[in-house]
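The block underneath contains the structure these notes are about, expressed in structure tokens.
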Amino acid sequence: MLRAAGNLSKSMMKSQRRFLNLQEFQSKEILEKHGCSVQNFVVASNRKEAEEKWMSFGDHEYVVKAQILAGGRGKGKFINGTKGIGGVFITKEKDAALEAIDEMIGKRLVTKQTTSEGVRVDKVMIAEGVDIKRETYLAVLMDRESNGPVVVASPDGGMDIEAVAEKTPERIFKTPIDIQMGMTEGQSLKIAKDLQFEGKLIGVAAQEIKRLYDLFIAVDATQVEINPLVETADGRVFCVDAKMNFDDSAAYRQKEIFAYETFEEHDPREVDAHQFNLNYIGMDGNIACLVNGAGLAMATMDLIKLHGGEPANFLDVGGAVTEDAVFNAVRIITSDPRVKCVLINIFGGIVNCATIANGVVSAVNKIGLNVPMVVRLEGTNVDAAKQIMKKSGLKILTANNLDEAAAKAVSSLPK
């Protein structure tokens, strides 16, 4: 569940579902609209716009943040950057903040969640600094184990929650919420105490927690993550950094939120894949992967790396895949010029292996394939699928298990 709290953009049960992700400033706009406490902030596309908008700020600290969807901005690096700053810059000097804006806008930011090519920064958010006394972590998310919303809270905020879970799991508190009853006053007070708020701030924090939960329900979110939720030196509670995800199934009744959606940051192949209900994420390697199931896809990538290779992508075709979707999956993964081998790994439960085979053969015949292809098929109609492959006359390397498939894919790469 904590992995989900860190990144809910992974997927799907019965069919492919994509989650809408928002940039931080968009999440803060939603928080503000729903009565949650956020510090003053503005969004700008250039230095002049920033100066005009932040005139209302006091002479306090300025926090300049590059607005991209990827996490890890603070430790990120700009390609061709000259100032040595990352995607988050904090200063008390207005001139230094303006220089940081110049450094960020128009450059590509590389973080642990982007490819080596990075993501172009077109907007920055400038927030008014607050005097932080203490940082906590709070997330509301949909949890399969609980069949409903769960609040994940920790008094150790401002850091990677997965690191907290690994090193000090006793510092993480989970509170399931009955989606019919909603969050009770007792639950919000307990969570505030779990976060180690004291005195009158227990009530203040409890109200903020309740507002965040109500927001989560009102906007059909799959995740509302506040890291950090802070206590200030003058006794206030603020949502300083926010991340939200929304289920596409809610788009018809959340038109205002889904109007935020943009594909500018996405890999064109990712946008292309979405049209065919394919879950595609580009990576930096040269072995393209076509797999059914997110777990099997990740295991496939792990074994590729274990054998010394690097995956070029994550691609889950899902359980309801058609021949046309398989055709387009092959087309999309082979459109990456870095790809030197294709690995297809299918375990057919719901998926019909013959459907996969027909789609692959059709794609190779129409598109052509100039790199080795390794195929491992098991499950429903596997014998028919193997016959389809055999009769096609295509030069396809077969494997009996995943480990063998990964090893063959890596060994087939040009030396």
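Any Cβ shown, glycine's included, is placed from N, Cα and C.
Site annotation for substrate in Swiss-Prot covers GLY349, ILE350, VAL351, and the matching candidate from ASN292, ASN400, ASN401 is ASN292. The Cβ of ARG73 (GTP binding site) has LYS65, ALA66, GLY86, GLY87, VAL88, LEU109, THR111 as same-chain neighbours under 8 Å, each 6 or more residues away in sequence. Counting other Cβ atoms within 10 Å of each Cβ, the lowest count among the binding-site residues VAL130, ILE350, VAL351 belongs to ILE350. DSSP assigns ASN227 (Mg(2+) binding site) to a strand. Each of the binding-site residues GLY72, GLY74, GLY349 was scored by the other Cβ atoms within 10 Å of its Cβ; the lowest score goes to GLY349. Annotation for the recorded positions GLU61, ASP131, ASP241: lowest Cβ count within 10 Å of the residue's own Cβ, ASP131. Comparing the binding-site residues GLN39, ASN227, ASN292 on other C-beta atoms within 10 angstroms of each C-beta gives the minimum for GLN39. What surrounds the substrate site, by Cβ distance within 8 Å of the Cβ centroid and not counting ASN292, GLY349, ILE350, VAL351, is the set GLY293, GLY319, VAL321, ILE346, PHE347, GLY348, ASN352, GLY379, THR380 from the same chain.
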